[in-house]
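Note sheet for the following structure.
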């Protein structure tokens, strides 16, 4: 799969970073190790944390007089992801106090380093820092697709972490609406029906499919291919392409993930957008869902099974899984295409008072981070402060225990739960898995990748419990787990 630098995440959030060359094979792959990885040497404060800038987090008071040398340290472990610029260390002022954020791996050995922050796409069990130090929390940021790291979709993998920020509403710092700027984004007026009727007369299909990332865990192309037998679909991009974009500029696949004005005007011609996520998981919703709604099109959606919880009202999206077959879905879309009054009911949320889902409105109103909002912090810095405040509270609890002569118990460690990701095994986009040939590329790739994630999570958990110090033993652990499982089959 195409590699990309974590810098794309920071750029989307308006945060600067320095990225190194990428060598991973995931969809949003991690960067290569920095040239000076932590080598177990004694921590040297002047080199690692000597030059500390100042940043303030959401709801934070002005900086106090506490010296940076006394503050707990948060270490960003993923190379290339550090939401501060320039330098390697930054004092951050958060709601309950201050911490030092750093990306210098030499800081790991220092007792002041209280948390390691990992970016899920970059996290590799084979390269996890060992031995795991008892006083350090592991914090996970993983807002991207489950396909980037299936280790995190299994209990043993997600429970490696103490704090999480994922697309799941159940995570400690939830990011399910990361692609939705606000309610106003949904209220943008739709094009008049007569405009789209004119495009239909010019030969445009009722349905748009725009994908260039093919062969994904959701197996969406298999479903769309079957749907095309029953209704016209204009397919752009590299997947099932049957029509060329009207301009050279729109042929650039990078443009397809943006809100480029020319692209948006082009997409607005279509009444229905096929919106199939690349992986299936509760609360995993991307621009594939929200952008059609912004443009006044009706999403024909497959992705998050919990998507109804987030819709502006109960009649704004067509769910593929509500139909017993692609043929039945095609018949329903054809009916709406020929009946403007019925079609417009799906756009009622754009009218004053049309957004009736209070759960959606409350989540948009009360989140402390924003999307392209200069008045709010981005979720990277927000999560960083969430971790800082947690570690400050944990330090205070440990001090209270120490001074109580045992009257106050030791604070219990916080452990992530399966619900913080909880992504199921991939299933075929159409048909049954036993009907698919064994040499099918989807079957060969994604089922194996999914279960390999389980073995890797179990292996790393065992290594931590055994206080292993040598990462090179990781694949021996994986092999042993694999052999035991196959022996019991």
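Every residue gets a Cβ built from N, Cα and C, even glycine.
DSSP gives residue 388 (disulfide bond) a helix state. Within 10 Å of the C-beta of residue 388 (disulfide bond) there are 28 other C-beta atoms, taking all protein chains into account. Residues or ranges marked as disulfide bond by Swiss-Prot on the basis of similarity to another entry: 385-388.
Swiss-Prot lists 162 with the feature N-linked glycosylation site. Under a cutoff of 8 A between CB atoms, and with a sequence separation of 6+ in the same chain, the neighbours of residue 162 (N-linked glycosylation site) are 115, 137, 138, 139, 413, 414, 415, 416. A coil conformation is recorded for residue 162 (N-linked glycosylation site) in the three-state DSSP classification, outside any helix or strand.
Positions annotated as topological domain 'Cytoplasmic' by Swiss-Prot, on the basis of sequence analysis: 1-7.
Annotation comment: Swiss-Prot describes 25-489 as topological domain 'Lumenal'.
Taken from Swiss-Prot, the feature transmembrane segment covers 8-24.
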